[in-house]
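**Student:** Handing you a structure now.
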Amino acid sequence: MSVEVDKSSHSKPKIEKKSKRNKRKWLNDENKTHVTASEAAIERLKKSASFSQAAQQALKQSRKEDNERDIEMQDVDAEAQPHDLLPIPQPSVEDFVDSKPHVKNITSVLPKWLAEPITVDPNTTVEFSSLNISSKLVERLQKQNITRGFAVQAAVLPLLLQDGRHGPMYSYGGDVCVSAATGSGKTLSYVIPIVQCLSHRTVPRLRCVVIVPTRELTVQVAKTFEYYMSGAGLQVCAWTGQKSLRHETYQLNGDENECRIDVLVSTPGRLVDHIRNDESFSLQHLRYMVIDEADRLLDQSFQDWVDTVMMEISHPKCLQNKSNILDLDQNISPTFLPDIDTLLPYRLPSPLQKLVFSATLTRDPSKIASLKLHNPRLVLVQNKDMEVDDGGEIEDDAIVFSVPPTLQEYHVSVSSEKPILLYHLIHSKNLTNILCFVKSNEAAARLHRLLELIHESLNQSFSCGLFTSSLSRDERKKIISRFATGDLNLLVCSDLMARGIDVANTQNVINYDPPLSVRSYVHRIGRTARAGREGFAWTLVQSHEGHHFSKLVKQLRRTLPIKRIKIEFSHISEEFVVAYDKALEALRVEVFNSRYPQQKSFLT
């Protein structure tokens with residue numbers, strides 16, 4: 001028992017001793033921690049004090065500099081004296097030009113083919129017999145009493161005839177863009193070389209597509225091709241959208257699904273319809289693509305026709321998939337069939353040549369780039385001294401406008417009584433074969449009816465017709481035929497007539513409503529003075545329209561200056577005034593009765 005007690009009594013002091021050692025160790029550690037913390041705090045205080053001292057010194061230095069600056073400003077103010085304003089120093093022109101020698105003028109921004117066009121004087125002519133044209137085509141020209149070509153033909157025909165001398169399978173020239181006044185013979189300048197080139201073909205293929213903006217122009221161009229194709233074994237087809245897609249496909253391929261058309265004339269929308277919806281339609285054999293009235297076609301999307309047509313030309317859908325290639329499995333070993341997904345990599349370069357024509361052809365590279373032209377050349381029919389202004393810059397923001405050299409323009413100042421002033425102008429100047437352009441279909445119909453009522457009141461034989469987009473195609477054809485034969489002396493029309501349509505014997509153009517753009521003006525007045533004939537353009541301008549019209553016509557290049565005349569209401573005979581008042585009242589009654597048929601008795 002004593003042993004156990006002793007063990008317990010001895011173990012207790014050992015525990016106490018160990019506890020004291022741990023306590024002392026803990027205190028030592030705490031003291032060290034406090035010392036370390038104190039030392040760190042002291043170091044931070046020292047650094048803070050040092051920083052504060054440095055900051056104070058920097059602040060003193062800053063205040064000293066501010067004081068010195070204030071003293072300097074006071075000295076300057078004290079010495080300043082009043083004087084005249086002096087120009088701000090500018091870098092010398094020589095230094096600027098030397099530092100950027102490539103900055104010459106705006107023409108350096110354009111591609112070379114746009115900045116350096118082929119310029120032809122409007123008075124240039126050429127004998128067709130002197131060109132490399134076949135005897136058959138020369139004979140067809142002579143039957144139309146055409147022996148000499150105009151300026152655009154003198155410039156374009158040699159280029160295209162040279163490019164097409166090896167037939168439809170080859171092309172050694174680049175694309176061609178042509179800007180010439182309306183009525184200058186642009187259509188004939190591409191019809192002749194295309195017919196001559198394609199006459200050497202062996203197998204019928206769709207080798208030429210002509211894209212035009214209107215149905216009327218489609219028919220007109222197709223008739224021109226048809227006349228000069230006579231005896232050459234070639235076929236032309238016009239797509240206007242009047243027939244179904246199936247019928248037009250039959251025109252192209254017939255019963256045997258073999259192409260039998262060489263030249264297709266179409267509006268852009270109808271062409272896109274066939275590309276997207278007709279599996280048998282293909283442009284893979286094209287030799288020529290003609291874009292007529294290009295300014296209008298490029299300004300409007302027409303179902304994205306440019307991108308759609310360019311894609312079909314570069315990647316024909318008939319070559320995209322081997323399943324579209326007839327009898328492929330019968331002519332190629334089955335071993336190689338799995339490797340043939342498309343024939344595009346094996347396609348030979350296309351001989352396609354693009355021909356772009358317009359009276360107001362843009363020089364905007366961004367618009368022309370969408371056509372993906374290859375080695376293009378630009379032909380301008382204009383006087384060389386009018387090509388650029390005195391500063392060497394392209395006029396009118398890089399757009400070319402020209403007027404037929406045989407056209408005489410008139411600026412006619414009028415008051416608000418325009419219908420009777422128009423009637424007075426026609427009779428006082430003895431005008432005949434007149435196209436009168438009005439801003440809308442409704443305004444054209446109203447003016448046409450008012451002129452008819454004036455004729456009836458005066459018992460005069462003055463025939464007047466109406467031509468607008470609201471008429472059917474057959475009605476338009478009849479109207480144009482009557483005007484061409486002289487049965488109609490005056491044709492009131494909308495801008496539908498202004499685009500490329502060649503109405504025979506048009507001598508006078510009257511702008512009853514001034515056009516809103518220079519392009520519209522050029523295309524309107526281009527209906528007269530065609531093919532070297534004399535023509536006259538009369539624009540009725542009210543006082544509030546004078547500034548706009550004067551600014552518009554300044555953008556045009558012309559041979560003859562504009563003449564100004566003024567017609568006042570006091571110039572009109574009393575007989576015309578009475579007839580005009582009666583016609584206005586009769587027209588008012590007709591309009592009211594057409595709108596309110598149940599109240600006819602109220603006005604009658």
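Using the three backbone atoms N, Cα and C, a Cβ is placed for every residue, glycine included.
Taken from Swiss-Prot, the feature region 'Disordered' applies to 1-37, 51-70. Residues annotated as compositional bias 'Basic and acidic residues' in Swiss-Prot: 1-16. Feature annotation from Swiss-Prot assigns compositional bias 'Low complexity' to 51-60. Taken from Swiss-Prot, the feature motif 'Q motif' covers 149-157. Sequence annotations record features per position, and here Swiss-Prot assigns domain 'Helicase ATP-binding' to 167-379 based on sequence analysis. Residues or ranges marked as ATP binding site by Swiss-Prot: Ala180, Ala181, Thr182, Gly183, Ser184, Gly185, Lys186, Thr187. For 292-295, the entry in Swiss-Prot reads motif 'DEAD box'. Summarising the annotation, Swiss-Prot assigns domain 'Helicase C-terminal' to 406-573 and lists sequence analysis as the type of evidence.
Looking at the shown structure, what environment does each listed feature sit in?
**Tutor:** Through the fold, the motif 'Q motif' (149-157) approaches residues 118, 120-128, 131, 133, 176, 178, 180, 184-186, 188-190, 192-193, 379, 381, 531-532 of its own chain, all at least 6 residues removed from its boundaries and within a Cβ separation under 8 Å.
Here Lys186 (ATP binding site) comes close to Val152, Val178, Ala180, Asp292, Phe357: these same-chain residues lie at least six apart in sequence, with C-beta atoms under 8 angstroms from its C-beta.
Beyond its flanks by at least six residues, the motif 'DEAD box' (292-295) meets 177, 186-187, 210-213, 217, 221, 356-362, 499-500, 519 of its own chain at Cβ-Cβ distances under 8 Å.
For the domain 'Helicase C-terminal' (406-573), the predicted model reports an average pLDDT of 91.
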**Student:** To test your reading of the ATP site: which residues beyond Ala180, Ala181, Thr182, Gly183, Ser184, Gly185, Lys186, Thr187, same chain only, put their Cβ within 8 Å of the Cβ centroid of those residues?
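**Tutor:** Here the nearby residues are Phe150, Val152, Ala359, Val381, Pro404, Gly526, Arg530.
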**Student:** Using a 10 angstroms cut-off on Cβ to Cβ distances, just flag whichever of Ser184, Thr187 is the loneliest among these binding-site residues.
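**Tutor:** Each of the binding-site residues Ser184, Thr187 was scored; lowest Cβ tally within 10 Å is Thr187.
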**Student:** Based on DSSP, tally up the residues of the motif 'Q motif' (149-157) by helix, strand and coil.
**Tutor:** 7 helix, 1 strand, 1 coil
**Student:** What is the total of other Cβ atoms whose distance to the Cβ of Thr182 (ATP binding site) is within 10 Å?
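**Tutor:** Thr182 (ATP binding site): 26 neighbouring Cβ atoms within 10 Å.
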**Student:** So of Gly183, Gly185, which of the binding-site residues has the fewest other Cβ atoms within 10 Å around its own Cβ?
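**Tutor:** It is Gly185 that, of the binding-site residues Gly183, Gly185, has the fewest other Cβ atoms within 10 Å.
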**Student:** Quick check: in three-state DSSP terms, what is Gly183 (ATP binding site)?
**Tutor:** coil
